[in-house]
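Positions annotated as active site, proton acceptor by Swiss-Prot, on the basis of sequence analysis: HIS298. Swiss-Prot lists HIS341, GLU347, HIS377 with the feature Fe cation binding site. What Swiss-Prot records for TYR356, HIS377 is homogentisate binding site.
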Amino acid sequence: MTLDLSTPATAGYLSGFANEFATEALPGALPHGRNSPQRAPYGLYAEQLSGTAFTAPRGHNRRSWLYRIRPAAVHRPFEPVTGPQRLVSEFGDSADVPPTPPNQLRWDPLPMPVEPTDFVEGLVTMAGNGSAAAMNGCAIHLYAANRSMQDRFFYSADGELLIVPQQGRLFIATEFGRLDVEPFEIAVIPRGVRFSVALPDGDARGYICENFGALLRLPDLGPIGSNGLANPRDFLTPQAAYEDREGAFELVAKLNGRLWRADIGHSPFDVVAWHGNYAPYKYDLRLFNTIGSISFDHPDPSIFLVLQSQSDTPGVDAIDFVIFPPRWLAAEDTFRPPWFHRNVASEFMGLVHGAYDAKAEGFVPGGASLHNCMSGHGPDADTFEKASASDTTKPHKVDATMAFMFETRTLIRPTRYALDTAQLQADYFECWQGIRKHFNPEQQ
């Protein structure tokens, strides 16, 4: 039996966020009433995968039990992957990253590769903060690929991967089952989970936030109430599916920002059954229940929060994943686009589709921008003039768009690649230079 990545998945999904799931690809493969029986059904091995400390509070504890044909330890020793290293996971003062400028930064999309390039080969780190070794902060990567991973499997020991496809579907085989992900959806692959990516559409491009710290969770809703934003039922986790395949395969690991490879004689997608709450999942951003003002003013962008990684300071997240989806704007006598802003947090933005309502041009799908701590940003000159003269007595729908933001509590440090690449727009600052002076002390 194999996990055929050439066609869409058929096993289906389990609904809910971080639920206590139980699923089996063969009847009776899950042990009854215990996790580690003396002899597991079908001659399987029982293996626990822990995503948090054993002693984490029950409400935060994440782990799963896997019942597999061979344990994960069965592979040859790892050795470093040779060739250029485009991944970075250390962003402290001693890290090999250049000084972070206070300038607003913006990039054109990552070009598609000319040579055959799979998902792992197409990764490049644009920015980040903290340290993978210290398990805090994040790295922000882009990917551009044009071929499926062939007899090759990958996992990151550095953090969980929040994948935001911009172009091309991803058929992702994991130890837990299949995830089929398309643009407008996201996928989260937990730290340590082995996976492989097939590209059914050929070219694929997108964004990744690799979270080194506390696991992503749904935010509390406060006075919004018991429903709204990203609803738990819309998160989908794969049902168990396995393959029993032997051959000359390669296992690639990411540890402390470095890639390592090992020979492995079988597919690691040999989990016949599993139960627990530590597993991959996907979410359709088009299902986000957008909240907004129906009187006046533009609320803070925290109303667009999908997922958060909490810090040790209450109310201050290490990472926020925020989206700006299609929505109605109805506020009267209000400047409706996102306002001019300086932020104690740092903001890395991407665009999946369409246009962003604060930028008339220059910010295109697949591109990115970075506005670091206290760097002034906001609508460009054309957007400001149009929005200042628009009729706000009528509602307006912002359509054909899907922008997002990775917002962090600490400085986002661009890598040497990000500052040297030809995709960096040297003239980004010009979009604000045409903003005119309107001040007249004689006219209120």
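Any Cβ shown, glycine's included, is placed from N, Cα and C.
Features per Swiss-Prot, on structure.
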{"residue": "HIS298", "record": "active site, proton acceptor", "contacts (Cβ under 8 Å, 6+ apart)": "ALA331, THR334, PHE335, ARG336, PRO337, PRO338, TRP339"}
{"residue": "HIS341", "record": "Fe cation binding site", "contacts (Cβ under 8 Å, 6+ apart)": "GLY376, HIS377, GLY378"}
{"residue": "GLU347", "record": "Fe cation binding site", "contacts (Cβ under 8 Å, 6+ apart)": "SER369, LEU370, HIS371, ASN372, HIS377, MET405, PHE406, GLU407, ILE412"}
{"residue": "TYR356", "record": "homogentisate binding site", "contacts (Cβ under 8 Å, 6+ apart)": "PHE324, MET349, PHE363, THR401, ALA403"}
The residue listed as 'active site, proton acceptor': secondary structure state under DSSP, collapsed to three categories: coil
Protein Cβ atoms within 10 Å of HIS377 (Fe cation binding site), excluding its own: 21
Secondary-structure category, per DSSP, in which GLU347 (Fe cation binding site) falls: strand
Residues within 8 Å of the HIS341, GLU347, HIS377 Cβ centre (excluding the Fe cation site residues themselves): PRO338, ARG342, ASN343, HIS371, SER375, GLY376, GLY378
